Amino acid sequence: MSELTEEQIAEFKDAFVQFDKEGTGKIATRELGTLMRTLGQNPTEAELQDLIAEAENNNNGQLNFTEFCGIMAKQMRETDTEEEMREAFKIFDRDGDGFISPAELRFVMINLGEKVTDEEIDEMIREADFDGDGMINYEEFVWMISQK
């Protein structure tokens, strides 16, 4: 829990206690999604199942506060990473159409001080262009960045 601030832990505790109606120090795993949403997180059902499987130590359908804080820390890290990826994508997607064209990629690379040929730009696009449209969409961009 060292990556969480004291304020975050206190906020999580307040919310956790509201869901711990019997005062056992535990919540039912089925309540996790609702609890997380009250704290501004919006995990998908699949993400919830993965988070529960990772955090639940004794597989009894309940989470204690420490397990819950671990889940929240992980979810917040992933949310931060997602936001950073979207911001990076926007830098490349200069016209905001949701795609990085060869011209946009070339512009950014040159502004970063990279000397790249048209062939190198085309190769970079080809490596990540899974749908074959000649441009890089957000999902392809994330894949490309995660390969580096």
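Placement of Cβ uses the backbone N, Cα and C atoms for every residue, glycine included.
Bear in mind that the values here come from a model prediction, so they are computed numbers and not experimental data.
GLU104 is the residue from GLU84, GLU104 that Swiss-Prot records in the Ca(2+) 3 site together with ASP93, ASP95, ASP97.
Rounded to a whole value, the Cα-Cα separation of ASP133 (Ca(2+) 4 binding site) and ASP97 (Ca(2+) 3 binding site) is 14 Å. In three-state terms derived from DSSP, LYS26 (Ca(2+) 1 binding site) belongs to an extended strand segment. It is 6 Å from the Cα atom of LYS26 (Ca(2+) 1 binding site) to that of GLN62 (Ca(2+) 2 binding site). Classification of GLN62 (Ca(2+) 2 binding site) by DSSP places it within a strand. For the recorded Ca(2+) 1 site, residues ASP20, THR24, LYS26, GLU31 set the reference point as the centre of their Cβ atoms, and the other residues of that chain within 8 Å of it by Cβ are PHE16, PHE19, LYS21, GLU22, GLY25, ILE27, ALA28, GLN62, LEU63, ASN64.
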